[in-house]
Amino acid sequence: MKLGKVEFCHFLQLIALFLCLSGMSQAELSGSRSKPYFQSGRSRTKRSWVWNQFFVLEEYMGSDPLYVGKIFLLVKNEWEQKSVSNWYQTKMGRVIKTALPNMDREAKDQYLLVIQAKDMVGQNGGLSGTTSVTVTLTDVNDNPPRFPRRSYQYNVPESLPVASVVARIKAADADIGANAEMEYRIVDGDGLGIFKISVDKDTQEGIITIQKDLDFEAKTSYTLRIEAANKDADPRFLSLGPFSDTTTVKIIVEDVDEPPVFSSPLYPMEVSEATQVGNIIGTVAAHDPDSSNSPVRYSIDRNTDLERYFNIDANSGVITTAKSLDRETNAVHNITVLAMESQNPSQVGRGYVAITILDVNDNAPEFAMDYETTVCENAQPGQVIQKISAVDKDEPSNGHQFYFSLTTDATNNHNFSLKDNKDNTASILTRRNGFRRQEQSVYYLPIFIVDSGSPSLSSTNTLTIRVCDCDADGIAQTCNAEAYVLPAGLSTGALIAILACVLTLLVLILLIITMRRRKKEPLIFDEERDIRENIVRYDDEGGGEEDTEAFDMAALRNLNVIRDTKTRRDVTPEIQFLSRPTFKSIPDNVIFREFIWERLKEADVDPCAPPYDSLQTYAFEGNGSVAESLSSLDSISSNSDQNYDYLSDWGPRFKRLADMYGTGQESLYS
């Protein structure tokens with residue numbers, strides 16, 4: 001098919017129109033995505049929107065649309081490169097208004113709006129921009145509170161303390177914030193004075209607490225009618241109904257096993273301190289408050305009556321005295337009485353008893369203090385030298401009244417007199433002058449004091465009066481009588497010197513006695529090192545060297561052996577023996593005497609010798625014998641070939657030795 005010129009021109013027009021339309025649609029699409037648009041070297045950013053958020057009151061019931069807000073368009077012109085600010089606000093604002101009345105925040109509290117703006121009055125080829133607007137509904141108090149239940153029931157024990165929480169209830173309110181704040185009150189019921197209700201500011205709950213103690217035996221249940229209302233109601237919505245609600249709360253009191261209860265919290269009692277042991281003072285009473293009414297037994301808490309002055313009858317509660325009472329020791333006794341159930345001893349009640357001890361006149365008056373009375377040597381007759389008073393441990397109801405006088409023996413004395421001042425005091429006066437310390441330095445004045453009790457008691461107190469030397473103002477200077485004796489005898493310095501000499505002599509005597517006691521004290525030494533002469537007994541006639549190895553036998557072998565001198569540790573040696581003298585050939589009795597004397601001196605200075613008396617035995621046969629030593633102690637060093645035939649010439653006393661050691665010894669052992 002061939003097209004003519006006219007048809008071909010129409011075909012080209014259609015193609016051009018199609019291309020234009022497709023270009024416009026792409027421009028609109030790019031404009032909705034806020035992408036830059038380029039045109040022959042020039043560019044500009046499409047219009048953008050500022051995010052907006054508007055708030056609208058719910059439940060608007062007006063006939064006119066509600067004003068929500070206004071939107072303005074900001075445009076940036078990038079062609080004006082030199083301008084200070086390329087952003088400007090269009091003067092064409094648009095207002096958003098509500099389209100429907102009675103919007104409910106509790107149903108939906110926010111709305112999201114998408115706003116589109118186009119330039120060129122929305123014609124093809126214009127640019128557009130979009131923004132989101134959030135509309136939030138603010139709350140108004142348009143919902144009354146409502147209890148979810150018409151009645152509540154709670155069980156509480158009767159032992160629950162006062163101010164304890166019994167229950168928590170809450171009325172529901174769909175509003176929020178200040179529009180949901182509650183107030184609760186008890187409007188009716190039989191527990192108006194027993195319970196109270198308050199509000200928890202955080203949770204808006206009603207808290208029911210106890211105001212008085214519960215008693216199951218008195219009342220087993222309580223019914224309360226409680227109202228909940230908004231704290232601040234909106235008058236615009238009062239037509240919707242009352243903004244309050246009520247509910248019923250029933251509280252059931254549960255029985256618990258309670259301890260016995262005393263009829264009185266405190267029992268005051270009085271008793272005279274002169275009462276006899278076993279007398280009745282008073283009675284306490286307690287009962288079991290439970291319905292079982294268990295019997296009660298009584299006892300005294302001994303921690304409050306440590307001295308056990310009182311007893312109580314376990315069944316009747318009668319309190320009696322167990323010991324004699326003394327008001328001056330303890331005027332009031334506060335004791336605790338325990339009451340326990342017979343069926344359940346763990347349930348114990350406590351009652352308190354205050355026992356006041358009544359006073360009787362059982363204490364005699366006495367001086368108020370220890371008086372130190374003095375009289376001057378130059379005192380004149382009738383001069384007051386002392387004012388005395390008295391005290392009494394008793395406390396009569398009308399107060400004390402004391403009477404003073406001198407005893408019968410002292411009434412006629414010529415030195416002092418007494419004047420009763422009638423105000424529980426008395427004055428001591430002098431009757432003469434001329435008191436002298438050297439004649440009598442101390443006077444004793446017996447004073448008789450009587451109280452006003454019934455029966456009255458009295459006592460005799462002795463006042464000691466010293467004679468003193470006084471100055472011109474009557475102030476005592478010295479009261480020692482020895483001051484007048486000293487001038488006639490020794491002076492004070494001489495007495496001090498004598499006293500010092502006596503003390504020195506006593507110290508020397510004590511030192512001497514101490515040194516003597518130290519000499520007699522036993523020395524401490526090791527028993528294993530106590531080496532001294534001992535008696536050694538042998539059953540054989542020789543060969544005893546093995547038994548004497550532990551002893552110093554040098555003195556028995558040779559008299560002239562020099563021994564080392566040892567110094568005693570407990571005494572100071574007077575003579576130091578540096579050497580031993582050599583014995584000469586002198587008579588035997590002199591040799592033995594000197595031998596014993598030397599041994600005695602050695603024992604005195606020997607530090608190992610015992611301090612007590614002991615018997616020293618020495619096997620010493622002397623020296624200078626013609627036959628020399630006959631002891632077997634030195635046989636270890638003797639010559640076995642020695643000739644002992646001369647023993648037979650010594651007489652019958654040496655016959656046995658001659659037979660043993662003489663020429664016939666070989667035949668003796670053959």
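Glycine is no exception: its Cβ is also placed from the backbone N, Cα and C atoms.
The signal peptide annotation in TrEMBL covers 1-27.
If you look up TrEMBL, you'll see 103-147 (among others) marked as domain 'Cadherin'.
Sorting the domain 'Cadherin' (148-262) by DSSP state (H, G, I as helix; E, B as strand; all else coil) yields 10 helix, 54 strand, 51 coil. The domain 'Cadherin' feature in TrEMBL is assigned to 148-262 (among others).
Looking at the domain 'Cadherin' (263-367) alone, the prediction's average pLDDT is 93. Taken from TrEMBL, the feature domain 'Cadherin' applies to 263-367 (among others).
Counting residues of the domain 'Cadherin' (367-484) by DSSP class, helix then strand then coil, yields 8 helix, 53 strand, 57 coil. Feature annotation from TrEMBL assigns domain 'Cadherin' to 367-484 (among others).
Residues or ranges marked as transmembrane segment in TrEMBL: 484-513.
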